Every structure is written in structure tokens, then in C-alpha cells.
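The following features are taken from TrEMBL:
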- 16-58: repeat 'WD' (REPEAT)
- 59-100: repeat 'WD' (REPEAT)
- 101-142: repeat 'WD' (REPEAT)
- 143-184: repeat 'WD' (REPEAT)
- 185-226: repeat 'WD' (REPEAT)
- 326-378: region 'Disordered' (REGION)
- 352-371: compositional bias 'Basic and acidic residues' (COMPBIAS)
- 497-655: domain 'Katanin p80 subunit C-terminal' (DOMAIN)
Amino acid sequence: MALTNTIITSWKLQEIVAHSSNVSSLVLGKASGRLLATGGEDCRVNIWAVSKPNCIMSLTGHTSPVECIQFNCSEERVVAGSQSGSLRLWDLEAAKILRTLMGHKASVCSLDFHPMGEYLASGSVDSNIKLWDVRRKGCVFRYKGHTQAVRCLAFSPDGKWLASASDDSTVKLWDLIAGKMITEFTSHTSAVNVVQFHPNEYLLASGSADRTVKLWDLEKFNMISSSEGETGVVRSILFNPDGSCLYSGSENTLRVYGWEPDRCFDVVHVGWGKVSDLAISNNQMIAVSYSQNNVSWYVVDLNRVKKSGSVIQGLIQDKPIPAPTSALGTTLRRNYERPTTSSYRPQTFKFPEGERRSPSSEDEKEDKESSAEITNPEDYKEIFQPRSAICEFYLHKIRLDNFHTCCFTCPITSSTPVQRVEPTVIAAAPRPVAVVTTSVTSPSRPVVTTTKPKPTGIILSTRNEPIGLNAGDFLSHARNAKASVMGDEEALAQIRKGHDTMCVMLTSRYKNLDTVRSVWASGDVKTSLDSAVSMNDLSIVVDVLNIINRKPSLWKLDLCTSILTQIEELLQSKYESYVQTGCISLKLILKRFWPLISDTLTAPPSVGVDITREERHRKCKACYKQLKNLSNVVKNRAEQVGRHGSTFKELQLLMAPLYC
């Protein structure tokens with residue numbers, strides 16, 4: 001019998017028993033595509049990682065079934081809404097409850113985090129939408145207009161608009177700055193299950209139980225596309241990260257759509273049943289569905305899916321199809337402008353009087369009754385508490401991590417989440433490197449990708465080779481058959497190269513840290529930091545800052561005047577771990593002290609002599625001058641792409657008043 005090669009486009013990755021009772025909701029982390037949160041009728045929220053068989057963390061506190069869940073953009077936090085109308089917000093990195101929000105009179109059925117602030121939106125079966133300030137535990141705005149349950153909410157990429165989808169067959173667009181509805185889209189004929197903004201252009205997509213996916217122009221507020229080829233209820237939609245096409249998930253089927261003109265590029269039959277959520281990781285689509293208390297993961301290889309080109313005939317009916325000029329369509333459309341001034345910050349939303357409320361004793365009691373149980377410490381530590389590069393270096397070299405723990409009573413770890421991305425190989429020669437990965441692919445069919453060498457401007461915090469040592473020094477330079485075999489003495493001499501220098505460096509660093517530790521033991525944090533700065537060794541400053549950042553209450557205005565100059569050097573360092581520590585420190589300073597600095601410098605002169613006020617004014621003026629210098633560094637670095645670019649963009653938003 002002849003054997004034929006079958007191209008596998010999709011497959012089932014894993015199936016787990018997620019809860020002790022029926023699963024009622026779930027969501028994938030969109031930033032990584034590898035984290036999953038599930039909610040059940042057992043009133044728990046469980047956190048999972050793709051390809052990990054066991055639950056990482058179980059979050060308790062709800063007293064009724066969990067109806068909806070959502071991660072924030074960085075996947076550090078998760079919020080869950082229950083059937084009773086309450087919301088609970090957890091910090092996954094710290095493994096603790098942050099807020100309990102009470103307000104809806106009926107089941108919460110949709111949630112979304114604001115992309116640039118401490119706000120989230122919730123929609124309920126009671127048809128109301130609420131905007132919450134999670135820092136103050138208060139509802140700051142209520143949007144009324146829908147007549148039935150609000151099934152999906154989505155903030156625009158620039159954070160100015162909120163889109164809502166409802167069982168009343170409508171999609172509404174709300175202006176957060178003006179505090180009112182902008183427009184309403186009414187072309188659907190049945191409940192709208194999902195909405196999503198285009199990542200770049202002024203476009204909005206919606207999927208409905210009427211078996212259609214529609215796209216809306218947010219400049220002219222009209223419908224520009226409607227697909228009618230779905231064979232079932234549309235439960236999930238997702239734009240490709242570059243915005244070139246739209247994926248639609250319905251029962252057992254994935255479709256790929258283009259617009260202007262309307263066209264369906266591909267149809268992939270996947271046995272996922274009623275798919276609940278989609279995410280993209282490493283050019284693979286991760287999909288999840290649930291039935292009773294089971295959750296299943298599916299993978300679609302997007303390298304084998306058509307995202308442009310010819311049209312699948314018969315799927316877009318009764319519409320002429322002109323020849324497209326590109327996968328993106330022929331119409332040029334306005335792109336989102338990320339906020340660069342304070343006029344677009346969340347603090348400028350129009351909040352009506354009487355909406356905000358103070359935390360009650362009932363909320364505080366609810367917080368105490370909530371908990372985060374770490375059920376798999378190893379996976380939790382790997383995902384939410386990665387070690388910094390310095391700690392890894394000490395661990396593998398001379399175990400100085402134990403020294404830090406004894407000296408400062410807390411480990412030196414980074415407070416930012418690990419970037420859950422595929423490992424890459426750093427090539428020694430300037431040529432592409434083939435990388436084989438089987439993390440979420442079929443084990444029998446590994447995927448080979450080509451990775452270009454990384455630029456040498458930044459030294460990554462996670463490395464597979466030591467800094468300052470050349471592996472070629474340990475190898476024989478003879479490359480021909482006549483080369484003599486290296487003797488033992490020659491081999492040992494090669495190995496000893498650089499050893500003395502390394503020992504001197506580590507001994508010096510140990511002595512410096514011991515000096516800082518002795519000052520720290522006296523309880524004077526500022527003197528300890530000043531002594532670290534005076535050593536002219538940024539690595540010591542980074543170690544001390546990592547400790548202070550673990551406990552933000554240690555930050556005082558005196559520390560800011562001492563460290564801001566050092567932070568400027570850290571932000572421009574070639575070491576990724578230094579840049580990361582500098583960003584965290586600057587963010588904490590801005591959040592904690594900018595209101596004080598601004599109010600002090602703009603306050604009218606005092607009457608009489610007030611030495612304390614004058615001293616504070618002097619310190620605030622010095623901090624303002626240093627922050628002004630830092631704002632230029634942040635502005636330049638914000639133009640970069642990748643993880644650091646997004647971090648500097650966030651800092652740029654926090655420093656917006658300095659650009660005025």
C-alpha cells in the first residue's frame with residue numbers, strides 16, 4: 001500500500017481536568033499565548049501554563065460561580081467576575097488578592113483592562129457597564145444604553161474608547177474622555193458575542209450568533225465588511241498581530257478573512273468544538289475550549305494557513321470581488337496615536353458626581369477571605385518569579401545569592417514578569433541559525449525556524465555563555481588534519497586564561513557589598529545607597545536598587561535626589577538587567593513622588609520662615625531638574641521596538657507633564 005505524506009495544520013495539544021465541578025469561563029493571556037486562567041462552578045480561578053499538566057496557582061474567595069476572567073496586558077494580574085456581581089483582582093507575581101470590588105446587581109459576564117492605567121471595565125447581565133479605579137476600589141463611571149447582557153468589552157489601543165457587545169444585537173462605542181456614547185452599530189440580527197479593535201487602524205471587528213463577522217470603520221462609523229460564510233455561532237475573533245487579516249473561531253472551524261474587498265483566504269477544520277478563546281504565540285495559534293470540567297488546548301500552525309492571495313470561492317456570497325492590491329486592502333486609514341501628553345491620560349476621564357465610593361468594611365473582609373494557593377511551586381517560580389541575571393551568575397559561580405539573603409533579609413529578584421517567549425540561539429558568526437522547537441508543536445513534527453543574530457548593542461539578562469569569556473580560547477586553533485593534539489598542560493593553560501581576573505573582580509565586589517551590608521544593618525537606607533553610589537560600580541547600585549524595589553515603602557524623597565543620576569546611566573547601559581532595574585526604579589519614583597514634586601513647585605510662596613518647607617522645595621527642585629534630563633533619554637529610547645520599547649513608552653506616559 002502506498003504511503004502519502006499528510007500536511008498537518010492543526011492538532012489537539014492537551015486535555016486537562018481543570019476544576020472539581022463544571023468549568024464556567026476561561027481566558028488566554030494575549031501577551032504570551034501561554035498562560036490560561038479558568039473559572040469554575042467551584043468558585044475558584046485556576047492558573048495554568050501551556051504544556052504544563054498541573055495547575056500553577058488556585059485563587060479563592062468567590063462565593064458563587066466565576067462567570068468571566070481577564071488578564072491585564074503584562075499578565076501580572078488577573079480579574080474575575082462572579083455570578084453574584086462581585087469582582088476580585090489578584091497579583092499573580094506576589095500571589096495575593098489586591099482588590100474586591102462590589103457593585104453589579106447581577107452576574108458579571110465581561111471584563112477588560114485599560115491598556116495604560118489602573119482601570120478596568122466590567123459588563124453585567126443587568127446591561128450596565130462600569131469603569132473601576134482599582135487603586136481606590138471605586139466605580140468611577142457607569143455607562144447605560146444596552147437593554148440586555150453585555151457579553152464583551154474591549155478598550156481601544158490608545159485607551160480613549162471602549163467598545164461593548166450585547167445580547168441586544170448591538171455594538172456600542174463609548175468615548176472615555178467625553179464620558180458618553182459615540183455611536184451604535186445595529187447591523188447584527190442576533191446576540192453579539194465578541195468585539196476587538198484592529199491593532200493599528202481605526203477598525204473594529206465583531207462576531208455574532210447570527211453567524212457573521214462584521215468590520216466597522218471608526219472614522220466614518222459605517223460597516224465596511226460582512227462575512228456570511230460561518231457555519232455556526234462566532235465565539236472568538238482575533239486580528240493577526242500585524243493587522244493583515246482577521247481570524248474567526250466558530251464550532252470546529254477557523255476562518256481567515258480579509259477586507260476591502262471582502263474575502264476569505266482560508267478555512268481550517270479543527271475539532272475544538274465550541275472554541276472559547278484564541279491567542280497567537282510564535283506564529284502558532286493557541287485555542288482553548290471546555291466541556292463540563294475538562295479544558296482542551298488546540299494548536300493551528302499559521303505557517304500553513306493562507307493569510308493573503310486567492311479567495312475561497314463561495315464563502316462571500318452575492319458580492320463582487322475586485323482584484324486586491326494587497327492583503328491589507330486598498331483603503332488607507334488613520335492609525336491609532338498612542339498618548340504622548342497628559343490630555344489622554346486615564347485621569348482625565350469625565351467622572352460624574354456620586355459614582356465613586358470608598359472601600360467598605362465588607363470589602364476588607366472579602367479581601368481577607370480571599371487567597372492565592374500556589375499548587376505547583378516550581379512552575380510558579382519559573383513563570384512569575386524569575387531570577388535576575390546577577391543572581392544566576394552568583395548561583396553558578398560562588399553562591400553569593402545566599403550572602404545577599406543573609407545581608408538584606410530579602411532576595412534580589414526582578415519585580416517585572418518574565419517574557420514568556422521561545423528561546424533563541426545567539427550565533428557566534430553573523431549568519432542565520434536554525435532553531436528546532438517542539439514546545440507547542442506536534443512532537444513528531446518539529447518546526448525548524450531561522451533566527452537572525454541578535455544585535456550586540458544590548459547584553460541580554462539571560463545568556464547561555466559567560467560574559468567576557470570566549471569559547472574559542474578553550475578550543476584548538478588547528479583546523480587541518482596535520483594539526484598536533486593539544487597536551488594537558490596547554491589545555492590547562494587555556495582554561496586558566498582570565499581566571500585570575502575573574503577572581504579579583506569577584507573579590508572586589510564581595511568587599512563592596514560587605515561594606516554596603518554593614519551600613520544597611522544600621523538601618524540608614526540613604527547612607528547605604530550613597531555608599532553604593534560612591535563606589536563607582538553600577539553593579540553594586542543595581543543590587544541595592546533591586547532590594548529597595550522589592551519594598552517600595554523604603555523609597556523616600558532623599559533617595560530620589562541621590563539615585564536619579566545613576567538611573568540615567570542604567571537606562572543607557574548595554575546590560576539588559578541594568579536597564580530593567582533602572583526602568584522599575586524610575587517608574588516607582590514617578591508614581592510615588594511626582595504629585596508631591598509638582599504640587600510643591602507650583603505652590604505659592606509661604607509667609608514667614610518654614611525651614612522644612614524650604615528644604616522640601618529644594619529637594620523637589622533638584623529632582624525635577626534630574627527628571628527633566630531623564631525625560632529626554634526616555635523619549636529617545638521609546639522609539640525602540642520590542643519589550644524595552646514598550647517599557648519606555650509607559651515611562652514616557654508617566655513623564656508626560658515634563659514635556660509640556
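Keep in mind that glycine also has a Cβ here, set from the backbone N, Cα and C atoms.
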Secondary structure content of the repeat 'WD' (185-226), with strand meaning DSSP E or B: 0 helix, 24 strand, 18 coil
Residue distribution over DSSP helix, strand and coil in the repeat 'WD' (101-142): 0 helix, 24 strand, 18 coil
PLDDT averaged over every residue in the domain 'Katanin p80 subunit C-terminal' (497-655): 84
